[in-house]
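Structure record follows, encoded as structure tokens.
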């Protein structure tokens with residue numbers, strides 16, 4: 001068009017006249033056209049999206065640190081917001097991890113209080129104390145000067161050792177009276193730990209400690225309060241089981257103590273002792289203790305919040321089913337005390353199912369008791385195969401495979417091992433379940449903020465592109481020149497990203513269901529808002545482009561000045577429309593766009609900076625941007641046209657949209673493409689950084 005003389009100057013003369021144009025003038029004309037074309041491409045490409053993603057992730061990561069959550073993998077922030085289920089440990093996460101022995105059953109009778117050994121013979125008391133002191137992975141430091149002893153070890157070990165001190169145990173003295181021959185460390189699969197100690201010259205005691213019902217199965221006799229060995233009759237087994245059930249119903253962890261006497265001749269020689277397996281059968285029951293670990297304050301509210309947000313919390317614990325049921329009822333994970341399989345299931349039962357059966361059962365599980373780390377891994381795999389976005393908590397080295405397999409691995413900062421932390425995506429620094437819920441809020445905030453920015457950016461993109469392309473095709477000139485478009489690009493990319501990507505989370509985010517793996521990033525609500533705003537902006541700006549001279553009463557002005565004034569007014573109105581549109585983008589699905597705005601000072605500051613810079617550009621930088629000053633009347637008209645965006649957006653939000661994504665409706669027309677899309681392997685939660 002340029003070289004055929006069909007593009008015109010504001011005064012109506014052709015921009016290119018064959019044979020009368022110099023080389024320099026011709027090149028300047030071509031460069032101007034090329035500049036506009038490149039600028040349109042720059043505006044069209046959403047290069048601000050990676051900036052918005054990085055900003056919102058980094059901003060959220062810093063804020064989450066204040067909420068006691070250390071993010072190790074940046075994209076995990078967004079993934080956490082899409083979690084549909086949380087598989088949580090009990091001890092230390094749902095509970096306080098402050099264990100104490102509150103009930104004891106020794107010598108065939110309940111000890112009341114649990115440290116009252118008056119009814120037990122000296123021989124029984126000595127045997128209990130020896131079993132506590134030798135069969136432990138913890139220790140006791142007894143300072144001089146009568147200060148309180150310092151107990152170290154796992155929470156369960158600390159509770160048992162503290163109870164031993166109440167019984168009158170002298171830790172160092174007791175351990176010095178016998179020597180350890182072999183140790184079987186506590187095994188999460190067998191739920192027990194043992195030790196063989198030599199007492200005197202030829203006597204050997206093998207002590208076992210572990211899950212009460214499992215230890216009871218291995219016992220063939222028991223010790224009464226006088227120290228006499230009694231046969232384990234079915235009636236006595238029922239009595240022990242009744243006591244275990246009563247403690248479990250009271251949400252106590254049941255730990256049993258048993259031993260077996262051996263002769264030194266039964267023990268392998270020292271050079272062959274490494275392969276010696278401690279005898280686990282024909283044990284003699286000493287007694288059972290009930291350990292209380294109270295629920296964390298506020299954990300019920302957190303679980304209720306998760307349920308309202310469409311997130312199912314599942315408890316995975318090593319405790320027996322009765323204890324697990326009681327804790328789950330106390331926490332709010334279970335509401336009906338009479339639930340049965342598969343809502344509450346034992347790890348062994350789940351482990352023995354086929355892969356297909358596990359997937360069917362996994363959806364229904366709320367509590368898994370007597371579980372091993374491998375059971376947790378199997379549960380995670382089954383849930384992921386069912387399409388869930390799974391978050392898993394873990395603190396032990398054995399939890400590393402499950403943490404790695406899950407979509408989001410959450411390790412514990414206090415009780416967690418280094419291996420667990422290395423395998424996780426986020427570290428919960430205070431081991432609190434409430435912190436985990438705050439992480440979900442921040443994750444949803446990340447996703448929502450990026451959606452807000454996309455809605456805002458696409459509105460600007462569509463409007464700027466249509467206005468410039470239509471004008472360029474119809475008249476060969478554009479109302480928004482290169483410098484102006486780059487300023488618009490700065491508003492919608494850098495400043496827009498800063499304003500919208502730093503919106504803090506709100507409770508409204510926890511009242512919507514989680515985002516599924518295959519749900520579109522641009523929702524129907526966003527399409528509705530975007531199209532309404534873009535249509536309005538395109539309508540008024542194209543009207544001004546083609547009828548602006550008449551509407552602004554500039555027909556009798558100098559043609560060149562009138563054209564620049566019209567284009568300046570279009571540019572000013574367009575930028576102010578984006579300022580008002582930025583407010584609309586804050587709340588895509590809420591009527592009150594000002595809700596919580598006082599809490600985001602950065603948003604207010606960026607809006608103020610944008611407006612101030614726009615005034616400076618129009619009033620003082622006309623030579624740089626090819627603009628002229630506007631009268632106060634034209635400023636008011638620009639503001640008025642931009643202000644219409646608010647009531648228009650309010651009315652638009654009242655228009656209902658279908659639940660089915662618009663893109664799905666379009667793919668119905670292309671069944672071949674849909675089948676190809678459905679056949680693709682889903683590698684996990686979509687990462688917005690790919691967009």
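Quick reminder: no glycine exception, Cβ is built from N, Cα and C everywhere.
Unlike curated entries, TrEMBL annotations are predicted automatically.
Just so it is clear, the model here is predicted, and its values are computed rather than measured.
Feature annotation from TrEMBL assigns transmembrane segment to 33-59 (among others). Residues 2, 74-75, 77-78, 445-446, 449-450, 453-454, 457-458, 460-461, 464-465, 468-469, 472, 478, 481-482, 485-486, 488-489, 492-494, 496-498, 500-502, 688-689, 691 of the same chain lie 6 or more positions beyond the ends of the transmembrane segment (33-59) yet place their CB under 8 Å from a CB of it.
Annotation comment: TrEMBL describes 478-655 as domain 'Cation-transporting P-type ATPase C-terminal'.
According to TrEMBL, the transmembrane segment annotation covers 525-544 (among others).
Taking Cβ pairs closer than 8 Å, the transmembrane segment (602-622) reaches residues 487, 491, 495, 498-500, 502-503, 568, 572, 575-576, 579, 582-583, 586, 628-630 in its own chain, all 6 or more past its ends. Per TrEMBL, transmembrane segment is recorded for 602-622 (among others).
Same-chain neighbours of the transmembrane segment (634-655): 528-529, 532-533, 536-537, 540, 552, 569, 572-573, 576-577, 579-581, 583-584, 589-591, 593, counting only residues six or more beyond its ends whose CB sits under 8 Å from a CB of the stretch. The transmembrane segment annotation in TrEMBL covers 634-655 (among others).
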